[in-house]
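K.L.:
Below: one structure in structure tokens.
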Amino acid sequence: MTRTDEEETHSKEALLRETCIMLLCGNHDNIIGLKGICFRDGPLQLVLEYAEQGCLLHLLWTLRAESKLNRTVLVNKRHIFENMMVEVCCGLEHLASMKLVHRDIAARNILICGKGTAKIADFGLARDMYAVGYHRQDGRNDLLPLKWMAPEGLKNEARFTHKSDVWSFGVLLWEVAQLGRMPYSGIETAESLYDALQNHFRLPKPQMCTYQRYDLMKQCWKFNEKNRPEATSIREQLEADPNGFFYFNQAPCFNAPVAAVGAPITVV
């Protein structure tokens with residue numbers, strides 16, 4: 001079997017696994033819907049719910065460009081992104097109740113449907129759409145979203161639980177506050193990221209979020225997964241603090257680089 005044949009077989013198996021997961025998910029307002037499966041005339045194809053507004057990452061990039069001309073657009077649209085984060089939490093609650101782990105919660109994998117409803121997507125599909133943010137580890141075929149992965153997923157045993165999704169959700173909150181910037185700039189390997197996290201380094205506080213919102217991010221980034229909050233608790237905190245994003249207590253610095261390991265990342 002050639003490498004191309006092996007890759008094709010692996011791709012088919014991965015798609016079948018993800019299809020099974022989507023079937024297990026069932027219907028939920030904040031999970032992208034699986035509408036049908038086509039086996040005839042070629043490779044397996046999935047028919048998914050249409051997300052007319054695209055992905056959250058693209059919305060954040062657009063908002064970043066708009067805010068350079070007029071930063072009040074951030075305040076005007078704050079409630080939209082706050083609601084989206086609550087909706088993603090609802091989706092995570094559903095996955096946890098079904099004992100399913102997504103493993104790739106990130107802005108690129110949140111699709112926006114209808115009038116602005118956020119829905120968790122990917123399930124193996126988005127990594128083919130967006131190469132950004134994925135890295136191939138030695139000896140593995142899968143592309144892994146290292147910078148969104150919890151420490152337990154970065155280790156050799158690659159263990160994942162619903163608390164791993166909570167960690168990734170904390171990175172998602174950071175992405176929103178940073179208008180879609182890449183986390184951990186300058187870190188490119190699982191080993192270097194794991195070492196940094198083990199030594200208490202975390203992503204720095206975004207300038208455009210409250211300290212309360214950053215505290216919530218840090219709760220999600222507890223090294224010991226048992227100390228991370230449940231998705232329900234996160235949702236309740238978000239609902240109690242609906243103005244955590246795009247908060248201007250000082251002049252924003254849109255062009256500031258994201259801190260790397262050698263720079264002043266927050267130590268917890």
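One is the number of the first residue shown, and numbering goes on along the chain from there.
Quick reminder: no glycine exception, Cβ is built from N, Cα and C everywhere.
TrEMBL lists 1-246 with the feature domain 'Protein kinase'. The active site, proton acceptor annotation in TrEMBL covers Asp104. The ATP binding site annotation in TrEMBL covers Arg108. TrEMBL lists Asn109, Asp122 with the feature Mg(2+) binding site.
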K.L.:
Mean pLDDT over the domain 'Protein kinase' (1-246): what is the value?
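P.N.:
Across the domain 'Protein kinase' (1-246), the average pLDDT comes out at 86.
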K.L.:
Which whole-number value in Å describes the distance between the Cα atoms of Asp122 (Mg(2+) binding site) and Arg108 (ATP binding site)?
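P.N.:
Computed Cα spacing between Asp122 (Mg(2+) binding site) and Arg108 (ATP binding site) is 8 Å.
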K.L.:
What is the total of other Cβ atoms whose distance to the Cβ of Asp122 (Mg(2+) binding site) is within 10 Å?
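P.N.:
So the number of other Cβ atoms within 10 Å of Asp122 (Mg(2+) binding site) is 23.
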